[in-house]
Amino acid sequence: MAIQTSNLGYPRIGLQREWKKTLEAFWSNKIDEEQFLTTMKEIRLQHVKVQQEKGIELIPVGDFTYYDHVLDTAYMLGFIPSRFSEFTSYLDVYFAMARGSKDHVASEMTKWFNTNYHYIVPEYEEGLQISLKDNRPLRLYEEAKKELGVDGKPVILGPYTFLKLAKGYNEEQFATILKELVAPYVQLFSELHAAGAQIIQVDEPIFASLTKDEINQAKELYEAIHKEVPNANLLLQTYFDSVEENYEEIIAFPVSGIGLDFVHGKEGNVNAISKYGFPADKILAIGCIDGRNIWRADLDDVLSLFTTLQNQITAKGLIVQPSCSLLHTPIDKTEETHLTSELFDALAFANQKLEELVLIHSALTKGVESISSDLTTYRNAHHAIRSSAARNREDVKVARTSLKEDDFSRPLPFEKRYELQQVALQLPLLPTTTIGSFPQTSEVRQTRKQWRNGDITNEQYNQFIEKETAKWIRYQEDIGLDVLVHGEFERTDMVEYFGERLAGFSFTKNGWVQSYGSRCVKPPVIYGDVAFISGMTIKETVYAQSLTEKVVKGMLTGPVTILNWSFVRNDISRKEVSYQIALALRHEIELLESSGIRVIQVDEPALREGMPLKEKDWDAYITWAVQSFLLATSSVENETQIHTHMCYSNFEDIVDAIRALDADVISIETSRSHGEFINTLKHTTYEKGIGLGVYDIHSPRVPSKDEMFTIVEQSLQVCDPKYFWINPDCGLKTRRTEEVIPALEHMVQAAKDARSLLKTNA
């Protein structure tokens, strides 16, 4: 049986974030289109070359993008909203869809399944002519072949997942639109096959969570495609979970190979193969290296998996590959020499994961003895990190085992608390606030860099932060906001900032991953037991409050978001790590309260994204996620108002969970999703404080007062004015001052108009 190495996708951003820098230089007109395209080609080919040099046989092509692979697919198929029809060039249309423009609202952006990557949501419109507008995968396949002699593996987002992720149609239209996708996909696969593509990877991650009716519908789709292009070798790729419930149907699809996730879906996929076997005429692509985390693989465990599978199946061939695209991991760990040896030795970034694939391939084809020294190295690394003091703290263990039931609930129910809070805070009807951060200007970033490099003193840096804070407190007062924030000028990132101040975290120098577009994040590494050390936000928040008579919110990131936006140790459950973080935050919240801060926001934007793909697994996750939030926030007095914030999510699935958080006020992204959550609230009630975001902060355009007033008006049809707040969709860190101030002025005026309307109607 032939065994090959393969990769599902490579990080786009470049070892020194060249991709990000090129994008932003183009957007700011520092380079022209020709230079942009030339540089992007160089980066793209370099990524192929790295994989070639690492010994990967099936190298992905077409996974590279200028922004997002879902957006690439939408453009390729002609899913271009009519509001962008005035743009003529490819890049103008493409980036307008992604980012919006002065006069055009961007397409919606949301989380890619349960990851921290965001995709641009395809929009279907009536009368849309679906066709293969642009065979970009073919161009990239031919480019790699011509420039590097690499017969690559084209990577395509599959038609079923693509349409399921799209919006703008009703359920009755789905089957019809699906049939319309057959022709362009047939043309795409046919042209790739004719050009010599030996195997074509078709990503269908949504197959992990389909019903029987849906999987049968998808099978009919692939049968229709196969009928027209029977000779194209399609590898149907699933990831992020098992396909256990639909495995029997999936192995009957008319494709040449099937890729399964044996990391995040190991138990289910192994069970399915044990029960149903695997077709002898198909290739099995085994996702055995974790594409979503940064830890070295347990090679003994992986080789044991292959033994189990090889004893049960007689496939046409095997492919050794990651569990998903390596998009979700940093590129290379070699620069992280500042880390302790026990942590450094435990890590594997994208390039190291490629090396692991080659090691496994060697063991399978040449015998385990061919990697005996590597196995010893790996075993020693695993033992060193497991037995480290950082992973065996007695104080953390005692705190966890001492928890009682009343540690997870507030003393009084919401209605009674809110009455006390209204007396204490003296806020108007429809209070206005922001989500937390204000613009991180080049001056802010440069000053922080100087401080970190030791070029300025702590005192100089603190004076600068206080100056920025005071300036924005004045701005907020002048604008007329009701609840102010200190602006978070001291923070690089809403997770990294807290991780730097808690035990159990470590940080990379170059561990960047793409979040959305050119935005890259450097997730903390939770490698040990998490514990409180000292106050993290007290100084800045108390200083801001001293400057104003108005209420200033304390700003924290919640335990589940810190968990979901970090690379997390894999030797204990995520629930246990989340509880450790919650206990540390509980201490911080108590310190804020005792320092006179009466409104404390604990952001949980990542609560929804951490949900398992399968509905049957939701309850268990939601239970411990909600309990983590309650553990962090429930020790405050009734008069202290707890806020939380969420963004980028499909909220209709978790309305009950949002309610169970028992936050006094929740703010939710609304405008970018075109009022989707407002529609959700038409079918359910939410009887606590809520603010539905009235403008999209991800676009540079300044919305008018009337636009915001319309969203407020729509919101008040489903929300009780008594409990309604007015705020932007998200934090304003990435916007410019000249965009933020007029937008907030319009927002405050919209709030005043809404109050007048309520008064008139009353």
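Using N, Cα and C of the backbone, Cβ positions are placed for all residues, glycine too.
Record features (Swiss-Prot):
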BINDING   Arg17, Glu18, Trp19, Lys20, Lys111, Arg519, Cys520, Trp565, Glu609  5-methyltetrahydropteroyltri-L-glutamate binding site
BINDING   Ile435, Gly436, Ser437, Glu488, Asp603  L-homocysteine binding site
BINDING   Ile435, Gly436, Ser437, Glu488, Asp603  L-methionine binding site
BINDING   His645, Cys647, Glu669, Cys730  Zn(2+) binding site
ACT_SITE  His698  active site, proton donor
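Residue density at Glu488 (L-homocysteine binding site): 25 other Cβ atoms are found within 10 A of its Cβ, drawing on all protein chains shown.
Other than Ile435, Gly436, Ser437, Glu488, Asp603, the residues of this chain whose Cβ falls within 8 Å of the Cβ centroid of the L-methionine site are, in sequence order, Thr434, Val485, Met494, Met555, Gln601, His645, Gly731, Lys733. Neighbours of Ile435 (L-homocysteine binding site), defined as other CB atoms within 10 A of its CB across all chains, total 25.
Of all the Cβ atoms in the protein chains shown, 23 others lie within 10 Å of the Cβ of the residue listed as 'active site, proton donor'.
The Cα atom of Lys111 (5-methyltetrahydropteroyltri-L-glutamate binding site) lies nearest to that of Cys730, taking the binding-site residues Gly436, Glu488, Cys730 as the candidates. The shortest Cα-Cα distance between Cys730 (Zn(2+) binding site) and any of the binding-site residues Trp19, Gly436, Glu609 is the one to Gly436. All chains included, 26 other C-beta atoms sit within 10 angstroms of the C-beta of Gly436 (L-homocysteine binding site). Spacing of Glu669 (Zn(2+) binding site) relative to Ile435 (L-homocysteine binding site) is 10 Å (Cα to Cα, whole number).
The shortest Cα-Cα distance between Ser437 (L-homocysteine binding site) and any of the binding-site residues Arg17, Trp19, Cys520, Glu609 is the one to Cys520. Each of the binding-site residues Arg17, Lys111, His645 was ranked by the number of other C-beta atoms within 10 Å, and first place falls to His645. According to DSSP, Glu609 (5-methyltetrahydropteroyltri-L-glutamate binding site) is assigned to a helical segment.
Across the structure, Ile435 (L-homocysteine binding site) and His645 (Zn(2+) binding site) place their CA atoms 7 angstrom apart.
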